[in-house]
Amino acid sequence: MLVKFYAPWCGHCKKLAPEFEKAAKKLKGIVKLAKVDCTANSETCGRFGVTGYPTLKIFRYGKDSASYDGPRTADGIYEVMRRQTGPDSVHLKSKEDLQAFVNNYDASIVGVFPSSEGSRLPEFLKAAGLLRDQFRFAHITDLQVADDHNVDSECVLLFRPPRLASAFEDSVVVFKDYLTISSLRRFLRDHLYGLCPHMTLENRDRLRVRDLLTAYYDLDYQHNVRGSNYWRNRVMKVASKYAGRSLMFSVANKKDFLMELEEDYDLGTSDAGDMPFVTIRTKLGQKYVMREEFTRDGQSLERFLEDYFAGRLKQYIKSEPIPEKNSAAVKVVVAESFNEIVNDPDKDVLIQFYSPSCPHCKKLEPIYRELAETLYSDPHTVIAKMNAVDNDIPLGYDVQGYPTIYLAPAGRKDNPIRYQGPRELKEFLNFLKRESSHKLMSSGSRDEL
C-alpha cells in the first residue's frame, strides 16, 4: 500500500492530488493507495514521523516499509508501485523466458549464475530487493540460457531497451567484476543510460545530477519508434565525438516538458517548428539554449558544443526587467540584479522569495515592510524581496514553498542562512542581530539596536 500524508492547505499536496487519484485508478487491483489528512489525524502522522507535506510511505503487511522517493506523476507512481509487486528478481529458466523479459520498454538487468549455490546470487537478490523500484531484475541459474550472449561464467548482463537500439553503442553491457551491492550500483549508474538516454518526467532528476544536453522534439516511442530515433541518431552521432567531455546527452518529448521549456527557457512549441529544441542544464543549474536551428547534418549542434566547451555561450537567465526606480524600503530584486544587490560583498542582505499569489506572503508584507523601514538608514543592511515565480532562483537557495527567507551575510555570500523563525518583527530583528556581519542600526538614529 502507498499512503499519502497531507495537509489540505499545502500547495504541493494540491498539485499531487490529481496525479495520486489517476495513479490509484491505474493501480486498482494491483496496489492500494490511501491518504491521511494530518490536520485531522495529527497523532497518526506523528507516529510515522511525518514532518512535512506531502509525505509518501510504502507499507507492507501493515508496517511502514520504506519512504516513497519516486516521481510524483500518475505514470511515475504507477511504474514504481507496479514494480513493488511480485518477486524482486524473476527466475528465467529458458532462452524464451530471457528473450521475453528483455523485450521490454525499459532496461533489464539479468544476473547469470552457474547454479543457485556457491555463487553471488544471494548478493544479487539483495541488490534487486533494494533497487527494484528503479530497475527490472531477473536471474538465470543455467549458463546455457545466456550462451547467445557469449557468456561462459558468472556475470550480470545489462540489456538496454530494444527501442533505443543504435549503431553508436552496444545493446548489451556485461559486468564481470566481483559482485556486491555497491559495485552493481556503480555499474548501473555508469552504464544504464548509455550515450543518449530518453529523458522522461520520471527519470529527469536522476539524469540531471550531471551536466545534461537535451534535444526536445516530437518523440513518441509508443507509436513511432523509427521517427523518434531519426533525431536521436543525429544527436548520438555528434555525442560520440564528445564522449568523456563531462557532458551527458539525452532526448525528450517536448510536449512532456512544454511547461518547463516555457517557464525555464522562454521557448514555445512553435519556436523551432519540426526541428528539435536543444538546451544544456548543468548540475549547478546554469542554462544554455541553442539559438541556431538544428541542422540535419548535425553541424549546428557541433558549433553549439564547441562554443559551450570554449566558454563562449551566454548563460540563459529568466528574469523580470530591472525596475527603473527602487527607492522603497524593501528593495525589489530580479534575477538580473540579484548579483548586484544580494551578493554585494559589503552588505548583509535579507532576501524573501515570494509568489504573487501566496496568501502567507501577503500576510507577511506589512511586517516585512516595517522591518525594512526600521533598518532603512542602516548603511550595511538591505531588506529585499524577489518574485520567485518569474525569476530564476540562484544556486545555493533552496526554495520549495513561499515565503522562503534567507540572509546573505557580508563576506559569506557562498553560505546564505535560512530564516526559520516566527514571522514577527521582533524575531526578524533578533535573527539579524545574531547572524549579521555588522551591528544593526535603527532608522532615524545612528544608535545600534
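Just so it is clear, glycine is given a Cβ too, placed from its N, Cα and C backbone atoms.
Here TrEMBL flags Cys10-Cys13 (among others) as disulfide bond.
Feature annotation from TrEMBL assigns disulfide bond to Cys358-Cys361 (among others).
The domain 'Thioredoxin' annotation in TrEMBL covers 1-86 (among others).
Under the heading domain 'Thioredoxin', TrEMBL lists 295-437 (among others). Helix, strand and coil content of the domain 'Thioredoxin' (295-437), in residues and according to DSSP, is 45 helix, 24 strand, 74 coil.
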Whole-Å Cα distance, Cys13 (disulfide bond) to Cys358 (disulfide bond), is 15
What is the interatomic distance between the Cα atoms of Cys361 (disulfide bond) and Cys10 (disulfide bond), given in whole Å? 14
C-beta crowding around Cys10 (disulfide bond), within 10 angstroms: 17
Here are the disulfide-bonded residues: Cys358, Cys361. Which has the lowest count of other Cβ atoms within 10 Å? Cys358
